[in-house]
Amino acid sequence: MPKIQAAARALPAHHIDQTEVSELVRMLFAEAYPDIDRLLSVFASGGIEERQFAEPLEWHRRQHSFAERNDAYIRHAVDLGVRAVEDCLSYAEGVDKHDIDAVIFVSSTGIATPTVDAKLINALDFPKTCSRLPLWGLGCAGGAAGLRRAHDYCLAYPSAHVLVVCVELCSLTFQAKDHSKSNLIGTSLFGDGAACVLVSGEDTAEGSGWYTKAGGGEMLHDAEDVMGWDVVDDGLKVIFSRDIPSLVKSWFQPALTSFLNDIEAEITTETALVLHPGGRKVIEAYEKALGTGPEATSYSREVLRRHGNMSSPTVLYVLEDVMNDDALTADTALIAALGPGFSADFLWAERR
């Protein structure tokens, strides 16, 4: 089985308290909503205390063109991606940049051609033969989906070392003139961040640690409008349905059960839940679907509290915390995330 060798994150420079964002939204949205105080309650009740933004809060007070946003996206994505990769490789024993066979780059918050993975390969001087696998448009599911692709790659090439790099700059997509409730809710939730995970094939992986057994997923038909982007003149406008928590309750559990049955696995009290924290209500919906309490989702809750929902990297932050917890006794792990489609991605891991 492939092995998850190391994980690391990179944080943007600007650490923003939730109350600061709430006050900015009050200023921008008050004219559109006489009951703005009622709507702003989501900032206090969402389980988020702090987020990180690539640009200072003042940058978001005015509208920016798509070109301005995207230029900032590329600049910050390369910087954060390089930092995440360098830290990840520093934690990996016996693997350096010259050993990397493939880079899976995951992002949905900006556009670049060539894609950012090419820029990372150049910046980090990876081998000329390094394969590039950019994944775009998977949103919050991207971290788990990227790990699935790394697992599959390492099954096909058992001696490979694969980097999964997720970078999202959600804050750069903020539309100051969009006074929709979806934009307000999204502004209370999303942040910026980057993460990198090294996965190695079984011919090169050895020693104790987490090994990936199987990946899977499912897409809910006719649910394309649950979450995603509308492309507008000023950039990317968020689509964010209020039905997401109810979909988690009704659809996630059967989809997960089907996956677990296919791989002959079972969630027990010794299973670490590495769940993408899409928001407080989404975490609570996970708990209801899985029949667990807050203690089982503590890693996800803590990442949400400290960083908000960063889209694709978020589940990798949870994974890093699980891997670094020396007191953890779990011998299996479920990695799961939901994203546009509407879809779910799963990966099952076992500790040796």
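Just so it is clear, glycine is given a Cβ too, placed from its N, Cα and C backbone atoms.
The domain 'Chalcone/stilbene synthase N-terminal' annotation in TrEMBL covers 63-200.
In the three-state DSSP assignment, the secondary structure recorded for CYS140 (active site, acyl-thioester intermediate) is helix. Less than 8 angstroms from the CB of CYS140 (active site, acyl-thioester intermediate) sit MET227, HIS276, GLY278, ASN309, SER311, SER312, THR314, ALA337, LEU338, GLY339, PRO340, each of them six or more residues away in the same chain. The annotation active site, acyl-thioester intermediate is assigned in TrEMBL to CYS140.
Residues annotated as domain 'Chalcone/stilbene synthase C-terminal' in TrEMBL: 218-342.
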Suppose you look only at the domain 'Chalcone/stilbene synthase N-terminal' (63-200); what would the mean pLDDT be?
95
